[in-house]
Amino acid sequence: MSQDIDGLGQPASARSRFEHKLTVREAIKAYPMAIFWSLAVSMCVIMEGFDSILVPNFYAFPTFQRKYGEFVGVTDQTKSGYQLSATWMAIIGTASGIGAVLGTILNGHLVDRFGQKRVLVGALCTLSGLIFMTFFAPNIQVLAFGQFLCGFPWGIFATVAPSYSSEVLPLVLRSYLSSFTNMAFIIGQIICAIVIRVFLERDDEWGYRIPFGFQWIWPSFLIPLLCFAPESPWHLVRQGRLNEAEASLRRLQSSTARGIDVKDTLTDIVHTNNLEKELQVGTSYWDCFRGFELRRTEIACLVFAGQNFSGLSFAYNATYFYEQVGLSAETTYTLSLLGTSLALLATLANWFLLMPYYGRRTIYTVSMLVMASILYLIGTLTLWTDHFFVAMTQALLTIVWTITFQLSVGQLGWSIPAEVGSTRLRTKTICLARNAYYLVGFIGGAVQPYMLNPESLNWRGYTGFFWGTTAIMTFVWAWYRLPETKGRTYEELDLLFAKGIDARKFETTDVHALNENEMRPFTQGASIRTASTGRRSPEWDIVDENEPLRSSGEIERTESGLSRFQNHRDKLGR
């Protein structure tokens, strides 16, 4: 039986009710260009996915070891005779992550000022130049610094993509397309695994240089394509640029779709933005840690960081682990490609088998428990790793872990942070969440080589006990703190967080918009000023500034602020 929040009125608008009734098929027909541009923006993440396994895979690459490693003698675990030290493996493994942390922080400010589109194109142009440094790196020091600098645009891609998708798509498609960012990440990994497998047999420096050069492919077509992308209407509304927001919405929605009106959509965006102003939601990083926004930031950060706490550094693309348990280089890269390919299929399977029927909270918590169990099993089998069958079983268990990860946490780590933050702080919330992911990944990337390196701790499969424990801890947190966001509009989430509803009651709570008795009308009314000039948007100058926009329960198409403007404009013959 659902709960009612005392004192709340009816849903925000006819638009809000319409979004709840919209089916996936209807949404696809109504928003074809929104889907296209969301996919195009998410394609930028392919480059980060490509790099995420490129250099770690090179650790076991014979030609790479000879170029950047040190001679340690030929053994069963160092067949080339060369080995990168654990220190340099840790530095290279975390260099791009450190750059990405700084890039995401910078992105939070850049997007507020310039918008997602211009920031994205600028980051692509910057990356095109930085790739030269890694491609021609004469030594390991230059390679590490190049990875660090490339991390800046990669951090921007990883935070702009889910933010843009969540702002241009309707409710029913929101999670699908924001989680496509994860699929783009996997596509990049698959391409990388194929490229590495193809050039594995080359016994010269081009065996690893050519894979670095593949990173130039994506900017070559994404830069000209994204120059024509529409800007996020939410960003334009926050800037007070309503004419441009309306034009952007017209480009995103189908003109022939039934029951959908651009004016209604724009009214809903303005309403939600004004509601968050009334709830005193700011736009700075500091505001992410004030009041109920702190809880939203905590959830976004730990959900994203949970990807690493689940054992990502160990079990995902575990080529170095495969080598340490005695598998050949050919078997290692074949298993890596198999695991990444199955990860892509698992992402697709989630869209059809899990996401339509189960909530985000259920999928996240159950899968975290399953992954912890797999990691503990890998650790237990290490007692018999000397047997080839056991070693292969451990390797296959990492693939089972990968499938479980991509069915659940791998996708939800992208979609939940894009949903849980308030609209005025969405980009900054995603940036903080992604930074939490990077920071945990930084620590994991630093300690992981020491756990596996035969010259250091040499834990081998026992590393599974360590990451299994962190996964259990994440499960406990999620059980008590992770709310259900499936099927909730941004306004409904604002109200649930503002009321402090317990995470385990989000799904059953019946949300109604605040009525006039509990909340002042939106006194900003139609007078929305731009950040750059301080002047009112010209369309809204016609509306009486003394007449506030009506409360959420009264907003209907024929009575909304935008419709009142339309009536005035029609009378003036404009």
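Cβ from N, Cα, C; glycine included.
Note that the structure is predicted; figures quoted are calculated from it, not measured.
The compositional bias 'Polar residues' annotation in TrEMBL covers 524-535. Positions annotated as domain 'Major facilitator superfamily (MFS) profile' by TrEMBL: 37-486. Per TrEMBL, the feature region 'Disordered' maps to 524-574. Per TrEMBL, the feature transmembrane segment maps to 30-50, 86-107, 119-137, 143-164, 176-200, 212-229, 299-321, 333-354, 366-385, 391-414, 435-452, 464-480.
In this chain, the transmembrane segment (176-200) lies in contact with the transmembrane segment (333-354); the count of Cβ pairs under 8 Å, excluding pairs fewer than 6 apart in sequence, is at least 3. Between the transmembrane segment (176-200) and the transmembrane segment (391-414) there are at least 3 Cβ pairs closer than 8 Å, counting only pairs 6 or more residues apart in sequence, which means the two stretches are in contact. At the 8 Å Cβ cutoff, the transmembrane segment (391-414) and the transmembrane segment (299-321) share at least 3 close pairs (sequence separation 6 or more) and count as touching. Spatially, the transmembrane segment (299-321) is not adjacent to the transmembrane segment (119-137); fewer than three Cβ-Cβ distances between them are under 8 Å for residues at least 6 apart in sequence.
Within its own chain, the transmembrane segment (119-137) is flanked in space by residues 41, 44, 47, 103, 107, 110-111, 143, 145-147, 149-150, 152-154, 156-157, 160, 209, 212-213, 215-216, 218-219, 222-223, 226-227, which lie at least six positions past its ends and keep a Cβ under 8 Å from the stretch.
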